[in-house]
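Input: one structure, supplied below.
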Amino acid sequence: MQKEDFVDRVTIFVKAGDGGNGAVSFRREKYVPKGGPDGGDGGDGGFVILRANPGLSTLLNFKYQRRFIAQNGQHGKGKKQSGKSGEDLVIDVPVGTIVKDANTGEVLADLDRSWMMVCVARGGKGGRGNIHFATSVFRAPRIAEKGDKGEERWLELELKLLADAGLIGFPNVGKSSLISAMSNARPKIADYPFTTLVPNLGVVKIDENSEFVLADIPGLIERASEGAGLGNLFLRHIERCSVLVHVIDISGSEGRDFIKDYDVIVQELCKYNEQLSRKPQIIVANKIDLLEKDELEKRLETLEKHANQKIYPVSALLRINIDILKQKIFEIVGKSRLLLQKQPVPVFEKPKPIRTKIEERFDFEIKKTQDGFEICGEQIDKWLSRYSLEQKDALERFLDTLERNGLSEKLKQMGAHDGDTVWIGQYSFEYKE
């Protein structure tokens, strides 16, 4: 995979569909001259859902499209016909994608299972038609609800690759050669630092029925946890690995001290995330073909005592001991998979559409302006978003509600006089004592 094709962090905008408006309608049939209300409800707005697709390995698609908007619900019609709900917008992301609210940083989901889904924006509830407002004394209501607005938000998507095992170590210790020797991956290999600029994934076959995914992480250097070199751009990709394969150039062919290299990488892992240092590690001494037998045994013994664990000597170039290493990695990966299988797979439950709660009793603010008075408040905004004041009955209901909450008395206290203009949203009214 080329550097420009690997994208592992993006910010996108999502908006769910708005609910459709309810209808004001009455039966109009030949032999029913005074038919009752039959206005249908508006359809619900479509939801925005993210889905983990195992066929994807990068967030590259989001580099070119960053705005995603679901369908609105259709408006209700006469004859009790409800509007069609908007279709949900399902957006595929790679398995291993972490979803965050871009404004708050809150983690909304960790899509670490194939086909796992999460709703990131709920559609608005469709408004009710006038059929719902009929009573024994209010038989011809000319009032219906507007649909609720769908949710909208900015999201940050962060990809953490889902590999079973991750190769870590300094640049030029032979990680790319090792993944090439062990798997079907064919990374670029050269004798200069940072040949690997993006993580490479390879499938390692054990037999016809057994395999695991191995990731070659770009070389780490001292202060990588602080951003040095390729730094922590890629350190997060090993957080999900079951086992870390720490590759060391035992030959010192690059003039490096293999003991110091081991210590630096261990320290950088601990600085970045202490949990990484607790993961199972396999220490691989690569390039054994460049040393004489006696010198090799001496260095392996020194490293084993220092690390206090078994060392696996290999030559990626000559494929020496590669099968032994593959079996050891698979042994640890298999144990991790058994633990994962015992965990229940999350079941996606679609939430209910957004429904704004409107209160009958509420406070509001009155502001004195150059041309009159302005009525404002959270519940005022909610009423205006729910009802169209151009509908006669909706207007009367709204004004009656304001009156019950002390509108006239408060205006009088503010010094209002006959003929003053009172603004409520985009609507203006004439004040009368």
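Keep in mind that glycine also has a Cβ here, set from the backbone N, Cα and C atoms.
The GTP binding site annotation in Swiss-Prot covers 169-176, 194-198, 216-219, 286-289, 315-317. Per Swiss-Prot, Mg(2+) binding site is recorded for SER176, THR196, and the stated evidence type is sequence analysis. Residues or ranges marked as domain 'Obg' in Swiss-Prot (evidence: sequence analysis): 4-162. What Swiss-Prot lists as domain 'OBG-type G' is 163-334, and the listing cites sequence analysis. What Swiss-Prot records for 356-433 is domain 'OCT', and it gives sequence analysis as the kind of evidence.
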Validating a neighbour-count step here. Other CB atoms within 10 A of the CB of LYS287 (GTP binding site): how many?
25
Need the DSSP three-state call for GLY169 (GTP binding site) to compare against my parser.
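Once the DSSP labels are grouped into three classes, GLY169 (GTP binding site) ends up as coil.
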Work out, from DSSP, the number of helix, strand and coil residues along the domain 'OCT' (356-433).
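Taking each residue of the domain 'OCT' (356-433) in turn, the totals are 29 helix, 19 strand, 30 coil.
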Using a Cβ-Cβ cut-off under 8 angstroms and a sequence gap of six or more, which residues of the chain neighbour SER315 (GTP binding site)?
ASN286, LYS287, ILE288, ASP289, ASN321
DSSP on LYS175 (GTP binding site), three-state: which is it?
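Note: LYS175 (GTP binding site) is helical by DSSP.
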Would you mind checking how many other C-beta atoms are within 10 angstroms of the C-beta on PRO218 (GTP binding site)?
25
Using a 10 Å radius around each Cβ and counting other Cβ atoms from all shown chains, which of the binding-site residues ASN172, SER176 yields the largest count?
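Result for the most crowded candidate: SER176.
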If I take every residue in the domain 'OBG-type G' (163-334) and average their pLDDT values, what number comes out?
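Mean pLDDT across the domain 'OBG-type G' (163-334) comes out at 84.
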What count of other C-beta atoms do you get within 10 angstroms of the C-beta of GLY169 (GTP binding site), across all chains shown?
26
Can you tell me how many other Cβ atoms are located within 10 Å of the Cβ belonging to LYS175 (GTP binding site)?
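A 10 Å sphere around the Cβ of LYS175 (GTP binding site) contains 30 other Cβ atoms.
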To the nearest whole angstrom, state the Cα distance for the pair GLY169 (GTP binding site) and SER176 (Mg(2+) binding site).
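Distance (Cα to Cα, whole Å): 11 Å.
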Rounded to the nearest angstrom, how far is the Cα of SER176 (Mg(2+) binding site) from the Cα of PRO218 (GTP binding site)?
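Computed Cα spacing between PRO218 (GTP binding site) and SER176 (Mg(2+) binding site) is 9 Å.
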